[in-house]
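The S-adenosyl-L-methionine binding site annotation in Swiss-Prot covers ARG44, ARG69, ASP87, ASP114, ALA115. For CYS246, CYS249, CYS263, CYS266, the entry in Swiss-Prot reads Zn(2+) binding site. Per Swiss-Prot, domain 'Trm1 methyltransferase' is recorded for 4-374, and the stated evidence type is sequence analysis.
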Amino acid sequence: MKLKEVTEGKVRIFVPDPKEYMIEGKFDPSWAPVFYNPKMTFNRDLSVIVVSLLKPKIILDALSATGIRGIRYYVESWKSEQLILNDKNSTAASLIQINVKNNGIENAKIYNKDANALLYEIKSEYIDIDPFGSPVPFILSSVNATIRNGIVAFTATDLSPLEGSSRTSCRRKYDAINYKLSSSKELGLRILIGKIIREAATLEKTVHPLFSFYADYYYRLFVIVESGARKADENINKNLKYFGECPRCGFQTFVDENCKTKCPICGENFIIIGPLYIGPLHNMEFLKRMIDTYSDFNYLSSFNRIQKLLNVIEKEAKYKSVFYNISKLASKLKVSAIPPIDSILECLGDASKTHFAPTGIRTDKGYEEIIRCVKSLR
């Protein structure tokens, strides 16, 4: 395997040379014997900031590939007492050894095992699950492997089922009814969290989001794990519901059950999806710490993008409602000229943009107030 050295953050690692695995002038990371995707640098950059605040004694990257994620945590975030890197691909495990040595890390433990098998053998304060596709096969094992109110970080790249395009796949993987709705970019994340909560409950544990976001073609989610059947029951009863959207007028709201419910505005039957999580997507105290800290990482290649994302999330996080997609709402209302988002925000007064969609707004003001602004500004 021919290797190429690349720099990401403050580390230098060897990866399979893309030139050796191109097909008709194109390259996909999955074609190489060991997976490395430079497009996920933004994901890893933000994760470096998160781990720097958590300072876990034990870090476990269960699906390490080249080892880039765990190595960056150790070099840039926090020199943990123990760094555990694993990949079931023997070629990847060998490459991890090279990259660990290349970055002067002496206390790393490298495994060549199935991720689930390893997670049932050892415990960790911070576990990273960054698979190719869905994280569902690793939810139970990773939640079970946490200690001391540990953290599990999940990446999900299978947006088709989560956003309602592949309804059968969503039912199979996430045990949720789903449709493509106006706010599906956010609802997909909520379906993912809901699935994790239900899986954790079977272990008499529960999870709460610490920080989460959507970017490019994936969701990234950090959850804190708590033990106790009562806590699991309380979280399910309080934060797992369904979501309804009116296909005629665009009104949307959380609903208690998956049953025929009529829109209170126009009387049309709701399209209902779920179950899904209805609580906050971020821990506000932790979010504030991220905002206070991220400037220390101005060397990151995606620093400006991180700054922009955190600024938007800081503003939208205070609102409890799912965002409204103004473009799709205007289409349902047959408003041909969509008003500028900034003008709608000014009209509403108490509202913000959302990082989920460029034409989305988040506010706890009522549907009628939003419609008034949209129509008055056209």
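Just so you know, glycine gets a Cβ as well, placed from its N, Cα and C.
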Completion exercise
By Cα geometry, the one of the binding-site residues (ARG44, ARG69, ALA115) nearest CYS266 (Zn(2+) binding site) is ARG44
Exercise for the section: Have a look at the binding-site residues ARG44, ARG69, ASP87, ASP114, ALA115 and say which one has the shortest Cα distance to CYS263 (Zn(2+) binding site). Expected result: ARG44
Problem - Residue among binding-site residues ARG44, ARG69, ASP87, ASP114, ALA115 with Cα closest to the Cα of CYS246 (Zn(2+) binding site) - result: ARG44
Problem - Proximal but sequence-remote residues of the same chain as ARG69 (S-adenosyl-L-methionine binding site) (Cβ under 8 Å, at least 6 apart) - result: ARG44, SER47, ASP61, ASP128, ASP130
Fill in the blank from the handout: ARG44, ARG69, ASP87, ASP114, ALA115 bind S-adenosyl-L-methionine per the record; greatest CA separation between any two, in Å, is 22
Problem - Alpha-carbon spacing, CYS249 (Zn(2+) binding site) to ASP87 (S-adenosyl-L-methionine binding site), which is rounded to whole Å - result: 49
Exercise for the section: With an 8 Å cut-off on Cβ-Cβ distance and a minimum sequence separation of at least 6, pull the same-chain contacts of ASP114 (S-adenosyl-L-methionine binding site), or say none. Expected result: LYS88
